Amino acid sequence: MHYPQLRLRRRRSTPAIRELLQETRIHIEDLIYPLFVCAGANKREPIEAMPGVYRLSVDLLLEEVARARQEGILAVLLFGVTESKDELAAAAYDAEGIVQKAVGLLKERFPELVVITDVCLCGYTSHGHCGVVKDGVILNDETLHLLAQTALSHAQAGADLVAPSDMMDGRVKVIRDQLDENGFSHVGILSYAAKFASAFYGPFREAAGSAPSFGDRRSYQMNPANRREAMEEVLLDLAEGADLVMIKPALAYLDIIREVRERVLCPVAAYNVSGEYAMVKAAAAQGWIDEKMVVMETMTGIKRAGADLIITYHARDIARWLQED
Ligand code: PBG
C-alpha cells in the first residue's frame with residue numbers, strides 16, 4: 001500500500017507541530033484600536049449596535065488608552081463626535097475641537113503612543129456628507145482645502161498620522177502639501193485608499209452621528225463591485241504621497257487586500273468595520289458562535305489576505321486573548 005505517500009496530516013498531528021508550522025500569526029502590534037471621543041467629562045455613552053464600544057469624553061478616553069497601552073496596543077485611530085455641525089464642518093478644523101484636544105492630551109500622557117486621526121467632514125457637517133454640498137451635489141475641489149485644514153489641525157495637535165476617509169479625488173496631495181508647507185513633513189498619511197460604499201458602516205454612523213441626511217455616499221465611495229478601480233485608487237493615493245494605504249471594509253474585500261498586497265510595497269491596513277463587529281457581537285450574544293474563535297479566525301483571515309495592520313474594535317479583547325494563550 002503506497003498510497004497516499006504525502007500525508008499532510010503529519011503536519012497537523014500535535015499541537016506543537018501545528019504551532020510550529022503556522023504560517024500566519026496575529027500580534028498585538030498588528031492592531032490599531034479605533035476610539036470615539038466626545039465633549040464633556042466623565043461620559044461613557046454606549047453605542048447600541050456596538051456592544052463594548054463607547055463614546056468617551058477625553059478624561060475617560062485617557063483611562064481607556066492607559067489600559068490599551070498596558071495590554072500592548074501601540075496605535076489608536078480617533079474619531080470625534082460632536083453636536084456642533086454646520087454646512088462647512090467648522091468643528092472639524094477647530095484648533096480647540098474635540099479631536100484636537102484629545103490628541104494633545106493623549107500625546108502628553110503617552111508620548112510613545114501612535115496617534116492616528118480620521119480626517120473627514122461627515123461627523124461635522126449639518127448634512128452628514130463628507131464634503132461641501134451645493135444644490136444636492138457633493139463638491140470635490142471645494143472640499144479639499146477643508147480636509148487639508150482638518151489634517152493640519154490634527155498635526156498641530158500632535159497626531160503622528162492623519163487618515164483621510166472622505167474619498168474626494170486629490171485629497172492626499174493637497175493634505176501632503178499643506179502639511180509640508182507648515183512644517184509637518186514628519187506627519188504621515190494613512191489613506192483610506194480603497195473605501196467602498198458599504199452597508200457595513202451602519203453602526204459607525206450611529207456612533208459618530210454621521211449618517212447623510214439625504215442620498216448616500218455612492219458618488220464618492222467606491223462601488224463594491226469594482227476590483228480594478230480599487231487598484232487605481234491605491235496607486236493614485238501612493239503617487240500623491242500616501243505612506244500607508246487602507247482597504248475598507250475588510251471581510252467582503254479580502255480579494256482586494258490580497259491584490260493590493262501583491263502590487264505595492266508599502267504597509268497595507270484593513271479596516272474590520274463596525275458592521276463586521278456588530279455581526280460577531282450579535283451572534284455571540286445569542287450563543288450561536290464562539291466569539292474568541294470567530295474573532296481570531298477573522299483576524300487571521302484578514303492578515304493572511306495580506307494586511308499588515310488591522311483596525312479593529314476587538315483590539316482589547318484580542319490583546320487579552322493573546323495574553324491568555
Ligand atoms: C467617515 C468614516 C466612516 C467610517 C470610518 N470613517 C463612515 C462612513 O464612511 O460613512 C466607518 C467605520 C466603521 O464602520 O467602523 N467617513
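Any Cβ shown, glycine's included, is placed from N, Cα and C.
Curation does not apply to TrEMBL; its annotations are automatic.
Features as listed in TrEMBL:
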type	residues	note
ACT_SITE	LYS195	active site, schiff-base intermediate with substrate
ACT_SITE	LYS248	active site, schiff-base intermediate with substrate
BINDING	CYS120, CYS122, CYS130	Zn(2+) binding site
BINDING	ARG205, ARG217	5-aminolevulinate 1 binding site
BINDING	GLU233	Mg(2+) binding site
BINDING	SER274, TYR313	5-aminolevulinate 2 binding site
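Sequence features, as recorded in TrEMBL, placed on the structure.
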| residue | record | DSSP (3 states) |
| --- | --- | --- |
| CYS120 | Zn(2+) binding site | coil |
| CYS130 | Zn(2+) binding site | coil |
| LYS195 | active site, schiff-base intermediate with substrate | strand |
| ARG205 | 5-aminolevulinate 1 binding site | helix |
| ARG217 | 5-aminolevulinate 1 binding site | coil |
| GLU233 | Mg(2+) binding site | helix |
| LYS248 | active site, schiff-base intermediate with substrate | strand |
| SER274 | 5-aminolevulinate 2 binding site | helix |
| TYR313 | 5-aminolevulinate 2 binding site | coil |
Key: Pairwise Cα distance for TYR313 (5-aminolevulinate 2 binding site)/LYS248 (active site, schiff-base intermediate with substrate) [Å, integer]   = 14
Request  = Within 10 Å of ARG205 (5-aminolevulinate 1 binding site) by C-alpha distance: pick out those among the binding-site residues CYS120, CYS130, GLU233, SER274, and say none if nothing qualifies.
outcome  = SER274
Inquiry  = Counting only residues 6+ away in sequence within the same chain, which have a CB under 8 Å from the CB of CYS122 (Zn(2+) binding site)?
reply    = GLY128, HIS129, CYS130, ASP166, ALA208, SER210, PRO212
Ask   = Among the binding-site residues CYS120, CYS130, GLU233, SER274, which have a Cβ atom lying under 6 Å from any atom of ligand 1?
value = CYS120, CYS130, SER274
Inquiry  = Give me the count of other Cβ atoms within 10 A of the Cβ belonging to GLU233 (Mg(2+) binding site).
reply    = 23
Ask   = Do you know offhand how many angstrom separate GLU233 (Mg(2+) binding site) and SER274 (5-aminolevulinate 2 binding site) by C-alpha?
value = 23
Ask   = Given the recorded positions CYS120, LYS195, ARG217, SER274, which lie close to LYS248 (active site, schiff-base intermediate with substrate), meaning Cα to Cα within 10 A?
value = LYS195
Same chain, 6+ residues apart, C-beta under 8 Å of the C-beta of SER274 (5-aminolevulinate 2 binding site), given in sequence order = ALA49, MET50, PHE200, TYR201, GLY202, PRO203, PHE204, ALA207, TYR313
Note = Minimal Cβ count within 10 Å, across the recorded positions LYS195, ARG205, ARG217, LYS248, points to ARG205
C-alpha spacing of CYS120 (Zn(2+) binding site) relative to ARG217 (5-aminolevulinate 1 binding site), in angstrom = 13
